[in-house]
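Q: The domain 'Amino acid permease/ SLC12A' annotation in TrEMBL covers 70-537. Per TrEMBL, domain 'SLC12A transporter C-terminal' is recorded for 579-700, 711-910. Residues or ranges marked as signal peptide by TrEMBL: 1-36. Annotation comment: TrEMBL describes 65-88, 100-124, 144-165, 204-223, 229-250, 291-311, 331-351, 363-388, 422-441, 448-469, 489-519 as transmembrane segment.
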Amino acid sequence: MEDPCRYMNKPVVPRENQNWNCLVLILLLTFLVSRGEQVPAPSSPRDGDDVSITLGRPKPADLKFGTLMGVFVPCLQNILGIIYYIRFSWIVGMAGIGESLLLVSFCGLCTFLTGISLSAIATNGAMKGGGPYYLIGRALGPEVGVSIGLCFFLGNAIAGALYVLGAVETFLKAVPAAGIFRETVTNVNVTTFERVESPSPHDLQVYGIVVTIVLCFIVFGGVKMINRVAPAFLIPVLFSLFCIFIGVFLTRKDNPAVGITGLSLDTFKDNWGPGYQNTNEAGVPDPEGSVYWNFNALVGLFFPAVTGIMAGSNRSASLKDTQRSIPIGTLSATLTTTVMYLVSVFLFGALATRKKLLADRLLTATIAWPFPVIVYVGIILSTLGAALQSLTGAPRLLAAIANDDILPILNYFKVADGNEPYIATLFTAFICIGCVVIGNLDLITPTITMFFLLCYCGVNLSCFLLDLLDAPSWRPRWKFHHWSLSLLGASLCIVIMFLISWAFTIVSLALASLIYYYVSLKGKAGDWGDGFKSAYFQLALRSLRSLGANQVHPKNWYPIPLVFCRPWGKLPENVPCHPKLADFANCMKKKGRGMSIFFSILDGDYHECAEDAKTACRQLATYLDYKRCEGVAEIVVAPSMSEGFRGIVQTMGLGNLKPNIVVMRYPEIWRRENLTEIPATFVGIINDCIVANKAVVIVKGLDEWPNEYQRQYGSIDLYWIVRDGGLMLLLSQLLLTKESFESCKIQVFCIAEEDTDAEALKADVKKFLYDLRMQAEVIVVTMKSWDSQAEGGSQPDDSMEAFTGAQQRVATYLAEMKAAAEKNGTPLMADGKPVVVNEQQVEKFLYTTLKLNSTILRYSRMAAVVLVSLPPPPVNHPAYFYMEYMDLLVENVQRLLMVRGYRRDVVTLFT
């Protein structure tokens, strides 16, 4: 809001004593008859029975307010401001009657649609303090709510200073003798060549500070005190408006040269069209003026006259029934003022000539009946009333933001329920006083208007989102709403912002964005059940349905790892997941795209361990957030690990969003810790994955897996033995996208039989990799090369020692099985199942595994990571034997991934 009285080129300053006696009489009578409406708080089983015995008397209930004094009066007081008194007739003269009607309807429609959206959201459940911030935050999330809420608070605080300056300047113009400093600022009206004297800036500062302090003392008295005083400001305003309308019909017509013709059809016709022209900075018509007015500029000038519709909702914590008072009070105030503006357009347009409308800043005072001084009283008290409402609503808004505990920096402004926000009021007063001391706030005034429009847009978008989603919890008592109306209201807000000033629109949006970023960066996480969560839910459901149940095309395949956090139970109880498992899961996602599911299994009865499972799930989720790993935490209670995993692998996920890769660490400790139950569990998990058609990635050397800051050099070596749908190739490419492995190169080792054409195989594999757009060096290893290496005596001693040890342990285990079978008279049994052991085949498995391990040690001892095909457990072999094969395969390899794909391609040659 710009400085109001600087546009008055010919102030009407009555000097007669009887006029000021009339002014004093009006104020005295107003204070004597004004009474605030006080309504006891609603009784409920929760608060009505809470009676504290103090001196034998029940504690009185807090006083709350109804629709009239709680919403309608504050809104009316905030909307009716100085613009109507000193600018409205000028706007009619500049835009003409036709475009003035369009202007009022355009701005009024914006606030009316916002009022409808506000009514719908406010009646969708109990509403705490904070007004529009509370509504926007619960609909669009805490980040959006806090960013718009802080901008709205700042706008209200600075607007309070503007209202105070407007009231003080009007008073000093009306009563020049009240000035403390005798210096004045003199301007000359270019049209009438009359001198226009403005009050001293020092007088504005001194009186402005005093008035602000007085208003703050009233605010410190609480809502009850404010509502007692509010009629003292509102009644004279309404009386002055009544006198203006009476004066329209009683205006004398005996001096047409003055420019006031009375209500005349000819004047109405002359003023119907627009009369846009140049003016000086004071708004006085001047052909050489620097300001050219058009419809867009008038939107920015007039729109502050319709703001203030949030004054009632700002005091939501002090209302008896928010779901009834806010809709009725807000919309009634909006419609009342809009109708008054529309009627005034017709009356002013038919009352005076265009020249008079543009030249007389205070036409309302000129025509007021019986004395012009009544309009001065109306201007002063309307601006003071608006300032009082701003200083009342702004601290409560700031306290509501602080109470939500989103930004720790605002903790100083917290207040308990039912208490007055004294610290927030002091902070608001300091802002207001600081702006009063600055004096000229014309440069930031458009930004304040933008903050109001930003808040209105947020309310409309909130209702639009909630209406469109139509969640089961969306059941507002206010039925007269529709998502199209809210969308139209939000669009009007944005259009008006750009009509006023695209530069200030960008500034306000940038400031709100900076606050949003700060809140998202520094704020505490909170789940308010906002509309975005519902939107995400519906979007997820729609996306899930669109994926269908058919097989995913290789081009659309994403790894969804199912990460087994504590498979072998050797982590401390306070560590929910191996730290490097989270790092490895991140390596399986390209640029963070994809989903991981982290799960653990608690052994026991579900009814006994349910609470422990919930606690463990929360701990795991917190740990994943700490590791910055995007994943879902799940804890399952089962009688055993095998049964728990079998249930998870069958049921986890929905549709095509089921996990497709099982990730777990290799049980390197099983022999060292003599954990004889691990082999059967390990083999059972792999077999369950094969049956469930899940890929498997087993990590050996997990403790040495690098984190995101440990850069690796060397190579990523792939030992491609069996066709796995390209999973191993894809994993190697995903590893290259991570910062820790981006300096590595890929080497693909092809294991071939002795009689295979190595060059032809190498060419085929290189062509295949080229078609897959994968850069890798291809190396073919044949059996002959291995035999030559063995005959040359360069076979690693550690490999042969491991091979001999495995042979001995297998023979011992087999002998124990046979002895037990002979003793019990049963077939060979292992892990409670009958087995068939072919000793020659066991020897072959051990020897083949030894050859592969020796090849890895020969070519890839210094590799950053080795990937090798995971052989499936042989049918009817004891699980103990399979663990011996695996131990021999991973022997002395520092970092190894054993990969088994599934019956689906995950890479494709085609575009």
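A Cβ is built for glycine as well, from the same backbone N, Cα and C atoms used for every other residue.
All annotation found in TrEMBL is predicted automatically rather than curated by experts.
From a predicted model like this one, the values you see are computed outputs, not experimental measurements.
What's the neighbourhood like for these features in this structure?
A: Per DSSP, the domain 'SLC12A transporter C-terminal' (579-700) is made up of 58 helix, 29 strand, 35 coil.
Residues 1-2, 71, 74-75, 77-79, 81, 83-84, 87-88, 91, 94-95, 99, 102-104, 106-108, 110-111, 114-115, 118, 131-132, 152, 274, 276-281, 283, 330, 333-334, 337-338, 341, 386, 389, 393, 446, 449, 452-453, 455-456, 496, 499-501 of the same chain lie 6 or more positions beyond the ends of the transmembrane segment (291-311) yet place their CB under 8 Å from a CB of it.
Beyond its flanks by at least six residues, the transmembrane segment (331-351) meets 71-72, 75-76, 79-80, 84, 88-89, 92, 96-97, 100-101, 104-105, 108, 111-112, 115-116, 119, 241, 245, 248, 251, 260-265, 267-268, 271-272, 305-306, 309, 312, 357, 363, 367 of its own chain at Cβ-Cβ distances under 8 Å.
Within the same chain, residues 106-107, 109-110, 113-114, 116-117, 142-144, 146-148, 150-151, 296, 299-300, 303, 406-407, 446-447, 449-451, 453-454, 456-457, 460-461, 464 sit at least 6 positions outside the transmembrane segment (489-519) and bring their C-beta atoms closer than 8 Å to a C-beta of that stretch.
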Q: Residue list, the transmembrane segment (204-223) vs rest of chain: Cβ under 8 Å, 6 or more residues beyond ends.
A: 65, 160-161, 164-165, 167-169, 171-172, 180, 229, 315, 318, 384, 387-388, 391-392, 395, 420, 422, 425-426, 429, 432-433, 436-437, 439
Q: Should anything in the same chain at least six residues away from the transmembrane segment (100-124) have a Cβ under 8 Å from its Cβ atoms, list it; otherwise answer none.
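A: Answer is 91-92, 132, 135, 139, 295, 298-299, 302-303, 305-307, 309-310, 313, 316, 322-323, 326-327, 330-331, 334-335, 337-338, 341-342, 345, 349, 456, 459-460, 462-464, 466-467, 473-478, 480-481, 485-486, 488-489, 492-493, 496.
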Q: Taking a Cβ cut-off under 8 Å, which residues six or more beyond the ends of the transmembrane segment (144-165) line up next to it in the same chain?
A: 1, 3, 81-82, 130, 132-134, 136-138, 204, 208, 211-212, 215, 310, 314, 383-384, 386-387, 390-391, 393-394, 397-398, 400-401, 404, 406-407, 428, 431-436, 439, 441, 444-445, 447-449, 451-452, 454-455, 458, 508, 511-513, 515-516, 519, 523
Q: Same-chain Cβ contacts of the transmembrane segment (65-88) under 8 Å, 6 or more residues past its ends?
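A: Counting only partners 6 or more residues beyond its ends, the transmembrane segment (65-88) has Cβ contacts under 8 Å with 1, 4-5, 7-8, 36-39, 163, 166, 170, 223, 227, 230-231, 233-234, 237, 241, 301-302, 304-309, 311-315, 318-321, 324-326, 328-330, 332-334, 336-337, 341, 344, 348, 361-362, 364-365, 375, 378-379, 382-383, 385-386, 388-390, 392-393.
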Q: By a Cβ-Cβ criterion of under 8 Å, what residues six or more beyond either terminus of the transmembrane segment (422-441) are in contact with it?
A: 3, 153-154, 156-158, 160-162, 164-165, 201, 204-205, 208-209, 212-213, 216, 219-220, 391, 394-396, 398-399, 402, 412-413, 415
